[in-house]
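Here's what TrEMBL has on this protein:
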DOMAIN    14-433  domain 'Citrate transporter-like'
TRANSMEM  22-41  transmembrane segment
TRANSMEM  61-79  transmembrane segment
TRANSMEM  134-153  transmembrane segment
TRANSMEM  173-195  transmembrane segment
TRANSMEM  287-305  transmembrane segment
TRANSMEM  311-328  transmembrane segment
TRANSMEM  340-359  transmembrane segment
TRANSMEM  379-399  transmembrane segment
TRANSMEM  404-424  transmembrane segment
TRANSMEM  436-453  transmembrane segment
TRANSMEM  465-488  transmembrane segment
């Protein structure tokens, strides 16, 4: 009964968000409550929901202050040199843009934090995608694939969980997986190349303004400033890009359209200004090295685990806003300008807390795990390492990493001992499903990615799922070929 209820809840939830019957925020709240009541857990749902919210509260706080911190860095112009460099390299070629997106995401993913990767990469690349008229689903897809591959870094989480649950040193799991991880990273770049070629075929090349991404201090006459007055810099940039796309990449048409919207009359327009992520009023070019050192220090402390992530981002946000915008009114304006980015993401995190709390509190998560383990036939025993790698795909999608690594992996490792398969080998197999795991509705940072990329959660899942599975299979096959995971134990 409980197993059927658990699977039904997950299926209904996925159906509602993938068919757009309900937004993810509403589905995360309504669906688990409804199934909890159906299962007879009505009186107990309150404490379960509160437990789930408490569990995800640190993540919500971390994401809110991370969004504010990187928002301040964007406003101050820290990432403008990156955008300028990218624009010079890509030269209007969608294929180069998509491959560059994947490479940038991989580089940033070295810090092991998905939210950081998503915020920096999307902030740097989204304006370019909008300006080129490229699919934002491609943007979200390649960033998530890159993050999924590098999520197996020891400081990323899953590898440390597997090592702790199995009682082995983390190096025994991660070090042998470096080569399979490198092969999978190459596969992700190849996927980015293929998706980029499709975008090139769909929209062709686009001529970008000379000078790359730098916005001129004085906007050109006729540029759509009146229509965009009062917007936060990022929102203004997005509006400019939307106008560019809506008018077929014509600077004159976009400028005339926006000028008409702002003043009620049309007039001659000249070349669109060069784009940056920051605005002239908020840019702090003289502080770029201070901001760089501040961000570098944040990344180092994050990797070292010197403080909990929420505390780190709160502290560095406070420092960043005081350094860049010392005036009280300026600080209020900067916080208000990024509230529209933070509120939707944080609200989804707390809604996911209800989903997770009920899933775990009712023991539905245990029912799902036990049903899958019971379904593994005895003849598969010698192949348990490979089976573990394959099972990591659905397990890490439908249940949390904690439930999988601390509840299921030790059971699989114990069964594999009979066939001469070591705990470390089972641990390596258990982490190959991470590219798919990041598509799970249980992963908080995924809501940040889809929110910042301006795509629907269900659309992102449909578009990215097969590519994620392909990355997992490439990592698994590479691990088998390199002898990292045994194809077969002792029969």
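Glycine is no exception: its Cβ is also placed from the backbone N, Cα and C atoms.
Keep in mind that TrEMBL annotations are predicted by a computer and have not been checked by a curator.
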Same-chain residues at least 6 beyond the ends of the transmembrane segment (311-328) with a Cβ under 8 Å from one of its Cβ atoms are 61-62, 65-66, 68-69, 72-73, 75-76, 282, 284, 287, 290-291, 294, 297-298, 301-302, 334-335
In this predicted model, the domain 'Citrate transporter-like' (14-433) has a mean pLDDT of 76
Counting only residues at least 6 beyond its ends, the same-chain positions whose CB falls under 8 A of a CB in the transmembrane segment (134-153) are 94, 97-98, 101-102, 105-106, 109-110, 112, 114, 117-118, 121-122, 125-126, 128, 159, 174, 177, 181, 184-185, 188, 191-192, 195-196, 199, 203, 431-432, 434-439, 446, 449-450, 453-455, 459-460, 463-464, 467-468, 471, 475
For the transmembrane segment (436-453), the candidate among 287-305, 379-399, 404-424 having the most Cβ pairs under 8 Å is 379-399
Taking contact to mean 3 or more CB pairs closer than 8 A (sequence separation of 6 or more), are the transmembrane segment (287-305) and the transmembrane segment (61-79) in contact? yes
The answer for the transmembrane segment (465-488), taking Cβ pairs under 8 Å and residues 6+ beyond its ends, is 141, 144-145, 148-149, 176-177, 179-181, 183-184, 187-188, 191, 382-383, 385-386, 389-390, 392-393, 421, 425, 428-429, 432-436, 438-439
One stretch in 22-41, 61-79, 379-399 has more Cβ pairs under 8 Å to the transmembrane segment (340-359) than the rest, namely 22-41
